[in-house]
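Here TrEMBL flags 6-26, 33-52, 64-80, 92-115, 159-183, 213-234, 246-267, 288-311, 317-340, 352-370, 390-410, 417-436 as transmembrane segment.
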Amino acid sequence: MYWSMIDNFIYISIFFAIAIILKRFLPFLRKFIIPNAILAGFIGLILGPNLFKVVPLDYEKLGQTIYHLMGIGFISLALRKTKSRKTRSTMNAGFIIVSTYLFQGIIGMIMAYGFNLFNKNVSPIIGLLLPLGFGQGPGQAFSIGSQWEKLGLLNGSSIGLAVAAAGFTWATIGGIIFLNIFAHGNHKKPRVKVIEKKVLEVKDYEFSDMDGMTIQLVIIGGIYFAVMVFLTLLEKVLAPLGALGETFATVMWGFHFVFGAIFAMLFRKIYDKLHEKGITSENYLNNFILQRIAGGVFDFMVAASISAVVYAKISTVFFPLFVITFLGGIFTYIYISYVVKKTMKDYIVENTLAFFGMLTGTISTGMALLREVDPALETGTAENLVFGSGFSIFVGIPMIAVLNVPAFALRTGNSVYFLYTLLTMLAYGFFLYIVWFRRFSKST
């Protein structure tokens, strides 16, 4: 069992090594705005059992690895101490992110409904994997998709990963296309600024009894254990409710990363209070190490997610998935272009490219596109992505709740729950329009 996980870790590491070497010696690859993690994932997709069958990846164990990396990564990020930044730009960024999730979910479900009329293998719930795979990323798409699979969505985890892989394609290849459109439309090349190198001094937290990295891992592991215990107890508490409780508990396991982030933030708050009162003398939590852990975890998760796409499991819905993700990418770009122009005062091009890269891929692809037009990251767009993502967590809580509704359709076979989901998203989208577009526009 565990040997296959070790094997997968070795294979993913080799894919990373190949990606780094290819980008080093093939100049045309360096022109593509594609992070090494994504390139490594596509290398795994090609060399794995899908195509050349050179590398015997264990997809089941790879999926389990992705699931747990997701939780660990979110805990690592949530443990960091961050400065609060509540500005109009940050609020706009948060609303852009959440409204794009809603938009992707609405158009995804509408397209899936259309295909369902002719092909019953295409469940309307597949459309909801569009915002999860595009806007949220492969970890979330796999996590929720795998729980829906337990409730009746055939190959839900593989479909989620396929949607995420399509999103990465849009973020990289599509991003380059839109970048060139902007460049030609504005008749100017991206700005280039020479940045003077500075010596960065990093304070290393070492203690007499334990290494600094070990302490971070112990805290992360302890919090993750608490999350697992909490979800197990929640499952037992909901058991007397029968099918309703079982369905809700299953979906909650898919949101383990959300609970991980909540538990981590609570731990950080309590720990900081104890440190301020002098109860704990040492400051064991280290932002730098936590960021490095999160970065490494998410890099491996992205590469593993793309490598884990199994074509045989999505072949029956391949054409609908292709259409949904292809049109989804185009509509996402059009929508982001519209809302950025409506809400951002300055740097329209920079914000449009960055948000498109993030809301079809991850924040790393958004940053990669941004650096092509803002090499020095001096426009404030990078801060919009980072702080806006944090703000969107609170604005997007109703969206998380909505994802529980279609699960009942899978469990009961009553498709009216799909309609409830679509209507709820439309209602929340209208609410956001009222409180955001009309109150937090550029004029304000």
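Residue numbers in this text run from 1 along the chain shown.
Every residue, even glycine, has its Cβ placed from backbone N, Cα and C.
Tertiary neighbourhood of the transmembrane segment (390-410): same-chain residues 82, 86, 90-91, 93-95, 97-98, 101-102, 105, 123-125, 128, 131, 144, 147-148, 151-153, 244, 247-248, 250-251, 255, 258, 261, 416-418, 420-421, 424-425, 428, 432, selected by CB-CB distance under 8 Å and a gap of 6+ residues from either end. Same-chain neighbours of the transmembrane segment (64-80): 5, 8-9, 138-140, 142-143, 146, 216, 219-220, 223-224, 227, 256-258, 260-265, 267-268, 285, 287, 290-291, 293-294, 297-298, 300-301, 304-305, 308, counting only residues six or more beyond its ends whose CB sits under 8 Å from a CB of the stretch. If you look at the transmembrane segment (246-267), the same-chain residues 6 or more away from its ends with a CB under 8 A from one of its CBs are 67, 70-79, 139-140, 143-144, 146-148, 150-151, 219, 223-224, 226-228, 230-231, 234-235, 238-239, 393, 400, 403-404, 407-408, 410-411. Between the transmembrane segment (417-436) and the transmembrane segment (317-340) there are fewer than 3 Cβ pairs closer than 8 Å, counting only residues 6 or more apart in sequence, so the two stretches are not in contact.
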